[in-house]
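For reference, TrEMBL has these:
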COMPBIAS  128-147  compositional bias 'Low complexity'
REGION    128-180  region 'Disordered'
COMPBIAS  192-265  compositional bias 'Basic and acidic residues'
REGION    192-298  region 'Disordered'
COMPBIAS  273-297  compositional bias 'Basic and acidic residues'
DOMAIN    299-377  domain 'UBX'
COMPBIAS  424-443  compositional bias 'Polar residues'
REGION    424-488  region 'Disordered'
COMPBIAS  471-488  compositional bias 'Polar residues'
COILED    538-639  coiled coil
Amino acid sequence: MRWFEGSIPAAIAAAKQRKCVFVVVITGNDDLSRQLIASWETSTVSEVAQNCCVAIQVDAASETCVQFSQIYPVVCVPSSFFIGENGVPLEVIAGSVNEEELKNRISRVTEMHAQQCVQLKSEMLVSETQSSSSSTSKESPSVTTEEAGGSGHVTPGEKGEVSGHVTSGDDASQPQEALDAKVERINKKLEERREQKKKEEEEKLLQKEVERRKVGKEMQEYKKKQEDQKMKQLLEEREKEREEERAARERVKQQIALDRADRAARAAQNQKILEESKREEAQAQTQRAEEQRERAAPQRSAVCRLQFRLPDGSSFSAQFPSGSTLREVHSYAAQELSGRWSHFSLSTMFPRREFSSADLERTLQDLELAPSAALILLPQSSHSSTTVLSSSSSSSGLWALFGSLLFPLLAVWRVISRFLFSTDTQTPRPDGGQTSSQPSASGSEPPRDLAVRRRAGGGFQNDGNIHRLRSTQSDPEDNNTWNGNSTQQITHLKHEDLVDRPRRDRGNCDESVIAFDFSIMSDTAGAQTRGAEVDRQMKEAAIELQRLKSLIESADMERSRLLLEKSESEAEKKKSEAELQTQMEQEEKLSDLFKQEMQEIQDEKRALEEENHALMRELNDLQQKLRIKRNETDSLQQRFKIQVKLPPQTLKFTSSLSSSEKDEAADEVSSVFTVTQTPSVRLYGGQAIITFEEEKVAQQILSLAKCSVTCDAAKIEVKPQHLSLEPSVQFQIHLGVSRRTVNFLRVPVNVCVPDECVKDRLELSFSKPSLGGGEVESMEMRVDNKSTKMEDRSVSGRVTFLSSAVAENLIGQGMFSVSLDKERAREIEIQPEYKFSLRKFQSFCGRPKRSLLLSNIPPLMDPEDLQDHLEIYFQKPSNYGGEVEHITYVCQGTERTAFFSSDTPNTPEGQ
């Protein structure tokens, strides 16, 4: 392909000189552009285009393409433009095509170019002929034209211009006549073509009008249907909301009932647990108070009361200060027992404890003997300071022999001393304490018991050769044993089980079971026999003592375990009480939170109900207003009803427009609409309206006070009245649509961009032919709002173009793409520029001259029969009537509207 290497103006000049088609091929750097260039550079396409085209290749990114696009919009790249003689594009190829398609396009464009050249030649020939004819007529003023022969001929041009020629007489030559015939034929063809084009345009306009009316009707039906559907949807949504509110209310009620029942059950359970915990806490506090009181009792007591128990069963009591040492107590006991034992030790039964020489310097308070205690005096040998029992058989035999020799003397001395010294003696102590010595287990027994015991035999019991001491009263410890005290049963031994037991066995046995019964031998002959018996009993007692010690140890271990379990259970109890208190506090918090949330839900529900009621009231008000507006609209439609079908009328043009008026008319399409309201009157039940053909008949009937109308067997009286028409109006609406001005609406702009800059950018966008615009004559812009938010600020205005085709094209599209910044282009709305005004407004009111009103007509029969009787009555001249043009009767319970037209020569007055 041979491309033109010069500029576009040079290529245009070359195309005009060669009378060829000017081809502009716009390409880029993509594959489609390369395919299009390859199609152009094939041999077949080059041969076809070589003789009929002047082709130039333009880069899409060059300045030449930008200048070219301002005249011919470049829609896509690549593109091929085929431009004819008059600069009109004959063909535009968008995109890439193959070789065969491109060849066919070039051939078709060549044919179109040839036809265009022939047409231009004929038009040039016609114009030259017309100019030569006019010059001939100017140069030969003596030539005359025939008036009756129609030698003068005028032909309108295509764009409203008038062209014509004057044929002279016999002076014209033959070639001139042939030229005139050719011109006449060409003019006829042009005229036929214009007529055909005009008919096609009229048909298109008619079709567009039909479609517009159809679309308007469908739009109205669609809007009405949409409103009905929206109203129905609102009602359905309202009903659905009511059902949901009702269901929600029921759910809330059920939840409240369940919560109340659950809360009541939990409250009862918590109350029960709290009462039990309080009761247990009170018991624990009472127990702790008793323990504290017991522990604090020795501290609070300043005097210590001690009871001394002797091996023979006797006892005596004394009081000491709590700060006294055990040595003072031991000295006092030694003083009281002077002559009996020189060496003895002190011990306690509960807890089981024997005091050693190290405890003599400790106070009674430290030894936990205050405020009262019972001490057991255990005799010891002179050569030993301890009371440890030996389990060897040899020591046991010696002690048994010694005891058998010494015990009778001690027993005799004890009996004698009881009989001789039976009265109580009290010896004052140096520290002020009082002592008492009584031959009983308790120092509080009266002397009366001793006398009774002496009378009963001195307290001895005979059992063969063995004599035992006994008490006439039951021992409290024995009573505990017989009453079932298991602890006493385990730790108690009868007196006969420990008869003549050596003193050294006391250190390893429980003090509660130590009771010495001194057996009195009746003679010394059986001492050996009794010694053997005593040894056997001592062995058995040792075995039993070992068993009891193991039982006591087991009992102590069990007691320790129980105390440990008790302390653990108390700790767990305190922990459980703390957890219970925490749970109760959490439950109270949750209950308060639930109450608060329920209150908030109730408040929100109440607010929603109030809002719902307000919306319902607003909806009812709007519906009421809508009904009122519809009634007003119906009334206005009845009063200002515009006839859709206008009768055809002949238009007469009385004058021609001046050049300025033509320019103004070319810039604006104007029309005038005359709106006339038809006079009307409202008829109610029991009324009738009659229109006569003559005015005088109506005046005669109106002069009568009443009319008696006979209807079969009945007679009714009606009163004729004047008929007053409702006011009517007539006015003109002058509407003008600008052909070069359009309005643009709601263009979003950035708040940071000044208004002048926005206006310049908009004007630049509207002046670009590539976007569908054109040269701008003037532009006005206004800011819709003064908001500082970027998304709320917008501008509107209007643009006036130099060419009306640009404005018509934009109005047809309805949208226009503008670029205000570096962001993407934005679509804005385009509307026509309307100018309208209301003129010649007139109002009319009055009475029809040939019509009258009949009132108070009773419904005696069928409405049609009653109407016939009225018409017959008022047609009789004897009743001052005449020819009736029209009559209408309105039965009871109905209403009708009667419309009147003005009397004209061709249109009589009527309904």
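The backbone N, Cα and C atoms fix where each Cβ goes, and this holds for glycine too.
Residue counts of the compositional bias 'Basic and acidic residues' (192-265) by helix, strand and coil are 74 helix, 0 strand, 0 coil (DSSP-based).
Secondary structure of the domain 'UBX' (299-377) per DSSP (helix as H, G, I; strand as E, B; remaining residues coil): 18 helix, 29 strand, 32 coil. Counting residues per DSSP class in helix, strand and coil order gives 25 helix, 0 strand, 0 coil for the compositional bias 'Basic and acidic residues' (273-297).
Per-residue confidence over the domain 'UBX' (299-377) averages out at a pLDDT of 83.
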